[in-house]
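Visitor: Sending over a structure as structure tokens; questions will come in a sec.
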């Protein structure tokens, strides 16, 4: 290439980086289709059981009486309903452990495709439970849907992270959180009495799960596999280059290929890291602690408690019971708008301010909410302030904590470590989800409105930890992110060590301490 032509190419590449790259059609379709059949269904199944609760309990009572000849007692009914709700989290935990096994042989994209089988089978079981008169079908369907969610929330963030350039990694990663929020809103909307939230139509609420699964099943095969997966695990450079061209919408993908190859040179002959090996590795100790704390706070921050109080707070504000389901849509709308806002600004603001600020604001508004709930009978305007606090907590959560923990897990770990990392983080996610569902009624009964102080403390502690430990990862390669943690880990992979499962943490060159500290904030 002539010098003038080379300078021209360099200028074009610089201009491209300044524009943060254009979203190609394939990248948009992959993110939308992937999220619609995955994280959307997770969000949908979080909220869809709320509206038909009385009808499902009546169905349980009828099914029980028909099989056993006597009505079900209230304690057994409560237990069955608790199992129906909480078994979703148990299925999610099982799905989390399946991701590494399935992904090892099929890759990210094919794992998402296979996962649709769980979604479709679960939808058919739950939708047919009423005609069949079998309550067991609904419970088993919820469990299988949980397996689908566990696989989806690990495989989808990995796929989106690996198909996107680092300049778009945050925005594309937030698609997962945006579609969770849209799924919650869709569950609330379809659960209205005018739509499917009636005694005769509630099974269709579960039957419509087939639609997103089928859309993903027929669309995703036409898109390429993860280029990182092709290059690092299949050693197919030609296929990886073709995938990069498709997703990035440009011919020259040498820079992207070289970034991945820098990782490949270290880990080409290294197998996937097991969970135990990842936990023992000193080179990723603080990365792992950080994502575990982020994900723990994600589930334990008290957002589930908000849903418990929403109806009573709306009632105190003078909203009639008939209108409360419609007003509740404002919470789902707030979630969605805040998640979209986060996706638009994350590459400008960064992960660190959104995550720390989100948890900090949640702690603040939880404190105010505790005061307003305690004093809500003292003045007619106080319940309205409680509503504002509820919406503010939801907005603060979805603007950062609602999606960034998934992004960080993709960014902190290399290709061989990522499945094990998502297994660990997914386990924390689903166990915390189950613990909140199991323990919150007892916490609420003991502390009443003061239970929000517990969640405020969790959010504040999480924000404080992240302030001191979390580096900014915006536009950073994995090597640069590893450098930001290197001083804190106090461990560097030995030179030339290629037979260990943990040498894929970063390049073998020890980073300059000055450059490391420059990346920490």
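For all residues, glycine too, the Cβ spot is worked out from N, Cα and C.
Fair warning: this is a prediction, and the values are worked out from it, not measured in the lab.
Straight out of TrEMBL:
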- 508-521: compositional bias 'Polar residues' (COMPBIAS)
- 31-474: domain 'Major facilitator superfamily (MFS) profile' (DOMAIN)
- 486-521: region 'Disordered' (REGION)
- 21-44: transmembrane segment (TRANSMEM)
- 79-99: transmembrane segment (TRANSMEM)
- 111-133: transmembrane segment (TRANSMEM)
- 139-160: transmembrane segment (TRANSMEM)
- 172-190: transmembrane segment (TRANSMEM)
- 202-223: transmembrane segment (TRANSMEM)
- 288-309: transmembrane segment (TRANSMEM)
- 324-346: transmembrane segment (TRANSMEM)
- 353-375: transmembrane segment (TRANSMEM)
- 381-408: transmembrane segment (TRANSMEM)
- 420-443: transmembrane segment (TRANSMEM)
- 449-470: transmembrane segment (TRANSMEM)
Visitor: Report, as numbers and ranges, every residue of the chain located at least six residues beyond the transmembrane segment (139-160) whose Cβ falls under 8 Å of a Cβ in that stretch; write 'none' if there are none.
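Guide: Sequence-distant neighbours of the transmembrane segment (139-160): 30-31, 34-35, 37-39, 41-42, 45, 80, 83-85, 87-99, 102-103, 108-109, 111-112, 115, 118-119, 121-126, 129, 172-173, 175-176, 206, 209, 226, 406-407, 409-410, 418-419, 422-423, 425-426, 429-430.
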Visitor: Which of 21-44, 111-133, 172-190, 324-346, 420-443 has the most Cβ pairs closer than 8 Å to the transmembrane segment (353-375)?
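Guide: Looking at each of 21-44, 111-133, 172-190, 324-346, 420-443 in turn, the most contacts to the transmembrane segment (353-375) are made by 324-346.
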Visitor: May I ask which of the stretches 111-133, 202-223, 324-346, 420-443, 449-470 has the most CB pairs under 8 A with the transmembrane segment (21-44)?
Guide: 202-223
Visitor: Return the stretch with the most CB pairs under 8 A relative to the transmembrane segment (324-346), choosing among 79-99, 202-223, 381-408.
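Guide: Between the candidates 79-99, 202-223, 381-408, the best contact partner of the transmembrane segment (324-346) is 381-408.
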Visitor: Could you check whether the transmembrane segment (172-190) packs against the transmembrane segment (381-408) - three or more CB pairs closer than 8 Å, residues at least 6 apart in sequence?
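Guide: Touching, yes - the transmembrane segment (172-190) and the transmembrane segment (381-408) meet the threshold of 3 or more Cβ pairs under 8 Å.
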